[in-house]
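Among the features that TrEMBL reports, compositional bias 'Basic and acidic residues' is placed at 45-56. The region 'Disordered' annotation in TrEMBL covers 30-63. The transmembrane segment annotation in TrEMBL covers 81-100, 106-125, 137-157, 163-183, 190-209, 215-233, 240-258, 270-289, 301-319, 353-372, 465-481, 526-544 (among others).
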């Protein structure tokens, strides 16, 4: 430090001052620079909690306990169930009031009807008023009860008191049905629709129906059905369809069972109403889906099945005095379903499930009509023919459900044929009788099924139906030829024994099967035949030889040995050709 002279010190101080000045200028320039414009950063939207997070927050919040109480068991019983019970109790009370006042002449006929209508209208008004106050379930109960009371009063005024003419009663019933529908739509209240429907169906039983004839009674039910089903269609409340069908069936059965037989005219009247119900429910089951291009669902199919079941049983009972026409009646129904299913498919209306449901019902009706119209063996033959037609149609159309239904019908025919074996008339000529014809037709049916599936390797059910049909057909053939052989020996008192004849019959079946296998080059049939020959040989060696006379022993051994030798030669010749 001491070695530095003053001149050098001054130079260093001057240099430092210059650097400080430059730094000040640079700092001042930086401060005066404008900051760049950056785009504003969008604020993140608030997080929308999921349902699970909302539920967790509710559980943590103090309000959870009160919310849970309102939607819990206590709320269900106190707010909803008691309301429905109260309306039903009041409905019963109104019904018994009308009946008691009629029995004791308290009030004149006109007064009773006016009271009933006023009470019903009061309930409807109160229900609509409470709906505006947000008492939803309470208002639904009042509205439904009011509709039911008006139903009850109108029915009583028409059929018991003769206050209303048929035209006036008809108009009032239509207005009542429309009022119930309007209220249900206005309040979006499914419960109102259910309560008004139940009240309508309960009406005849609450005040008794002894004095009512079938025409006004079933006209009332028809109008009720139309009102309920229109509401079900408009709001797509499909469960109302089932409720209306169940109510119609129960009311029909109960009313019809309490009346004495009237004669042909009465049966025609009932059948006319049954046809009306059948058309209404049958078309409603799929009309909504076609109209709005909706897929057919399981409830739609259930409604179609329940509708045809009710109509068929009720009609056959109603037309019991015409048994010869029952089969034709069922066939006519089957044709209707088959035609409708075909038309819908051609016009591309509805989906595949609707087509299969209508087709299945039609085929089921054909199956039911056969035993109704035909007896015994002809019934089985018709079932076999139906099964074969279904199987062939299903294969050609590549529809496995149709072919499966054919297999079911064919199997059912064979099982009934087995039962017919046990009741076979010993006076029948062997082979040349209707029982044998039906049996051999069923056997041929299973072998035709085998051939159809064998020739179409692409079929979905091929591996499940191919060989079981051949084996089952062979077993049926063994059963039938055993019966035919036994029947022939006993009927004609032939000199050879039954066991000998049965063994020969089994060998005959084996030869037919192996011949088909060789001609069509089907290895499986040849194996079935060889297995059958082995079983027959075991039967002969272990059973027949110990029971046959010496002559029949020699015959059976020579025959079996010759046949086996011939089959062996055929196989060796076949192997040489392949080489």
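Yeah, the Cβs are placed from backbone N, Cα and C, and that goes for glycine too.
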Intrachain residues whose Cβ lies under 8 Å of the transmembrane segment (106-125), provided they are six or more past its termini: 94, 98, 100, 142-143, 145-150, 152-153, 156-157, 161, 163, 179, 183
Recorded stretch that, among 137-157, 353-372, 526-544, has the most CB pairs under 8 Å to the transmembrane segment (465-481): 526-544
Outside the transmembrane segment (270-289), six or more residues from its ends: residues with CB under 8 Å to it: 214, 218, 221-222, 225-226, 229, 232-233, 236, 241, 244-245, 248, 252, 256, 295-296, 300-301, 303-304, 307-308, 310-311, 314-315, 318-319, 350-351, 354, 358
